[in-house]
Amino acid sequence: MKQGTKLLELDNGYHLFTRKEGEGPVKMLCVHGGPGGNHEEFENFAQNLNDKGVEVYTYDQLGSFYSDQPDFSLEENKHYLTLDYYLEELEEVRKKLGLDNFYLVGHSWGGLLAQEYALKYGEHLKGLVVFSMIDNIEEYTTHINKLREEMFNSLEVQYMKDVEEAENFDDPMYQELLKKLYAKYVTRHPKVSHMVNTMATDVYNYFQGNNEFVMVGTLNGWSVRDKLANVKVPTLLTFGEFDTMPLDVARRMKDTLPNSRLVLTPDGGHCHNEDNPEAFFKSLYKFVSEVEDGTFGKE
């Protein structure tokens, strides 16, 4: 694939946005979060890695802003809104991009897909980067509820719960409280964003719920905790110091995975590649370079 943007046609007839940046022996495919996010969260990957011989590949999953967006309200399109679909879509993207022996980076929901991919298609991987995602949803849900109980008083917490029960998410006070949570735990140092919302909210709401602190979608109950030890590929677990994900679970994952390293990005939230890019990319490239020269895991 040449440099730049390409619309990839899937076997189902839909088209996905893909981009390749950089030239070099190291191939890295990045899987965005959400669900319903897009490749733009990886925009600083190429500028930090291209001079180090890393080719960065990104794509927008089906339904995301720059790819085809089926009408998911139609019953015949509901089968696309499954974890299995997006896992197989990832494998089809890999094949059509001609990637093998590559590094897979998955952020948040993308990190969930990356773990599933490593379990099913790990023979294609040279390295795995699980970026702000744990191995199950239950402990994430418990943790995000704990975070808001620590930040707000009991009346504010109850107010949020009442709004969520009524599904009145546009409530102004609720939105103000949510902004405070996002500012501490999601993106601590946000960059300038679009004037229009590029989140595919129908996809996000179906799998997750209304926001990062509400987990009522179909991902509820997901877990690979009992399978994680089967991932043998070199793995970097990278989390922010102030992540929405529970760091005690990240530490347990490090102990479970036989060939892994855990790194916490200082002053970083859930999107710590944006919050502290210097620290994030230093640890990411250290991982890649050590896997490349065969020294990873030998310290």
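Cβ coordinates are placed from backbone N, Cα and C, and glycine is handled just like the others.
For reference, TrEMBL has these:
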{"type": "DOMAIN", "residues": "28-277", "note": "domain 'AB hydrolase-1'"}
{"type": "ACT_SITE", "residues": "SER108", "note": "active site, nucleophile"}
{"type": "ACT_SITE", "residues": "ASP243", "note": "active site"}
{"type": "ACT_SITE", "residues": "HIS270", "note": "active site, proton donor"}
CB neighbours within 10 A of the residue listed as 'active site, proton donor', counting all protein chains shown, number 24
Cα of the residue listed as 'active site' to Cα of SER108 (active site, nucleophile), in Å and rounded, measures 11
In all the protein chains shown, the tally of other Cβ atoms within 10 Å of the Cβ of the residue listed as 'active site' is 25
Quick note, SER108 (active site, nucleophile) and the residue listed as 'active site, proton donor': C-alpha atoms separated, nearest Å, by 8
